[in-house]
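I have placed the structure first, in the form of structure tokens, so that the comments after it can refer back to it.
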Amino acid sequence: MCLCFFTFPLYFSSKSVCPQISKDGDVIIGGIFSFHSSWEITDLSYLVKPPPLKSIQFSQSLMFAIEEINNNSSLLPGVSLGYKIYDACTSKHSLSKYISNYEYSLYILVNLPPLSVLVTKKNIPHILRTVPSDYHQSRALAEMVRHFGWTWVGAIRRDDDYGNSGMAAFTQVAQQWDICLEYSLPFFKTYSQEKVMRIIEQIKSSTSQVIVGFVDPSDLEILLDVFYEHNITGYQWVGTEAWILNPLLAMLDKHNTLQGAIGLAVPKAEVTGLKDFILDLNQVKSAGSAIFTKYWETLFHCKYKVKNDSEHSPLCTGEEELSEMDNTFTDMSLMPYFNNVYKGVYAIAHTLHDLLGCKETCSTKKQPDPLTVMLLCLKMVHFKTKDGEDVYFDKNGDPAATYEVINWQTSKERQHEFVTVGLYDSTFPVNSRLTLNLSSIVWAQNTNKVPISVCSESCPTGTRKAVQKGKPLCCFDCIPCAEGEISNKTGIETTRCKETEYLSYEETIGIFLTVVSIVGALMTLAISLIFFKYKNTPIVKVQNSELSFLLLFSLTLCFLCSLTFIGRPSEWSCMLRHTAFGITFVLCISCVLRKTIVVLMAFRATLPGSNVMKWFGPPQQRLSVLAFALIQVLICMLWLIISPPFLFKNQELFKEKIILECNFGSSIGFWAVLGYIGLLALLCFVLAFLARKLPDNFNEAKCITFSMLVFCAVWITFIPVYVSSPGKFTVAVEIFGILASSFGLLFCIFLPKCYIIILKPEKNTKKQLFGKIPNNLATYSVSLDLDG
């Protein structure tokens, strides 16, 4: 059905059909509606009696909107709207020719099938719609079919522009989503029995369990009995908005052929006051007495005049109550479509309001041009109805495509019910447009389980798809992959199998590095025990035992952190390994740096009684180590927050392997961590070098200098080797750097002390330690003997 608006004056040719319902006004709004249940009339001589009246509710919706606008003192003050409403029961050819005569008219579609195939931008360029384009409906149907996993479906389409173009759009979208059509059968109510039987045989011989119906209710009315006669039941139907919400069709489906059907419908809407207006036929009676008489006789099965005695229909009294009737004429399930008529009238009224410059009154001197009205509708009209619904048009003259997903269910009283089970909104992102409540859907054969409709089941692991000859891609056999190959996600193609590679605990290099790490940690613990046992001896006390134990603890963590680099990497291990490495090494270097500063300051204080060393006591030492470590912690936190390391599957390095590695996430973060360690190591080396000429017996600076030389040499060598190492050897190089620098610190700083403690105990005395210290430094040596 369509609603065509054209501005006054309107001129009809002598061959034009007189309006069925009309009312005068300053601006005339014309309408074309189907008053009869059948569209096609094969006998154009009009000697055949037209089919019985179906409904004039769409006309009443137009009349209601116009009456409401005329009674509104602010929308079009001083301008009255009228209407001329025509019956669309003429032939398609005649109506198309009739419409095309008015090339300057503006048309607003309020319901698509079947009249929308006549009113298109090709023959009438000035078209706006209050219902979405069929393209959106076709896309929504395809998306719904994909959602349920139906890749093998059949289709029946109305053999006209509506069905053929709609199914073509559906097929195009379906192919993009790997949905195959087993068949797409045309049907029209004038088909011969032979053609209908071919449709029946095709459906019965098919294997798909889902049928998409791009048809009109009148088509299904004919097919229902044929389907039942040939036992075509139990199929899952997918319907368009043309029939999914049709109460008459539901009533005629006595054998539940369409039970469980799911489809799209215009969202439910309510127009306050419209139902009461429809149930009051006085407006129709005054506007068109002829159509009113026919309508009344059809509703109440009576006659105003009995022509002969053979007619058994009772006489109409005119007092019959429409509100007491319970049939399709009083059914309000089509209210969403009535609402489209209502919105269409108001869209014109709001446009005229702007065009005529309406304030306290409207300028009646301006003659509204239909093209101008349309352009204004497109650019400016955006209003809310009295029930709060937004109305606007896009650049193509279409509204936003929004549909309710409707499911046909049967109540306990065996009555058909239209249950809303979801929503489709084209304004949402692609993957969020369709929302469904699966638990509330009742499928074909009255089950709660989603039907399966595929040509071939998915191929299991280790096999690939081989398309069956002469069949669509959805039909395939599963054959084993060749040796050393795997199938891709679609199963159509195979690729060579790839091994995943990473530094494992089971391989030789992994075992070696694990053993070295554990040995290093055990050696550090052993030295810690030795220092603890001999903590009261001069050589331990003079080396600042608190910092020594903290350094040994940090070295233990350094050895152990290398183990996080071995084994299959994960998201957590990638973040842990680099941050643990960075923080533990800074803790080590901070302790060494602080020991160096204490030694240097003690032996550089030249005057007895100087109070310089009060700034280098145990509390200050702890705070400085903590401060250095906190800076590294802050760097690591920023790294993890902004761009943390993550697991990366490198398939580019080797064709036959997938390297599992930890991507830095942010290279700046990694090099900032490493650079801070290098900065502290360089500072420590410089200070230790300055203290190299202090007295031999008590000069730890030489040991620190050598340990820092080893440390810096290892990490300077690490950079080029790390960058050039392939695959898992990159990780091995990093572990080697950690272990080599840790052993360098352990051996250079602590082994000389252990040698004296265990093998040369006679040198572990104050006399031996301070024998060569000048007298002016003796005081500071004694103070160092007491740990600061």
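Along the chain as shown, the residues are counted starting at 1.
Cβ atoms are placed via backbone N, Cα and C, with glycine included.
No curator has checked TrEMBL annotations; they are predicted automatically.
As annotated by TrEMBL, transmembrane segment applies to 509-534, 546-567, 579-603, 623-648, 668-691, 703-723, 735-758. TrEMBL lists 509-768 with the feature domain 'G-protein coupled receptors family 3 profile'.
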Sequence-distant residues near the transmembrane segment (623-648) by C-beta distance (under 8 Å, 6 or more away from its ends) are 547, 550, 569-571, 574-575, 577-579, 582-583, 586-587, 589-591, 593-594, 660-666, 669-670, 672-673, 676-677, 680
For the transmembrane segment (668-691), the distant same-chain contacts (Cβ-Cβ under 8 Å, at least six residues beyond its ends) come to 578-579, 581-582, 585-586, 589-590, 592-593, 596-597, 599-600, 603-604, 628, 631-632, 635-636, 638-639, 642-643, 645, 699, 701-702, 704-705, 708-709, 711-712, 715
The predicted model's mean pLDDT over the domain 'G-protein coupled receptors family 3 profile' (509-768) is 82
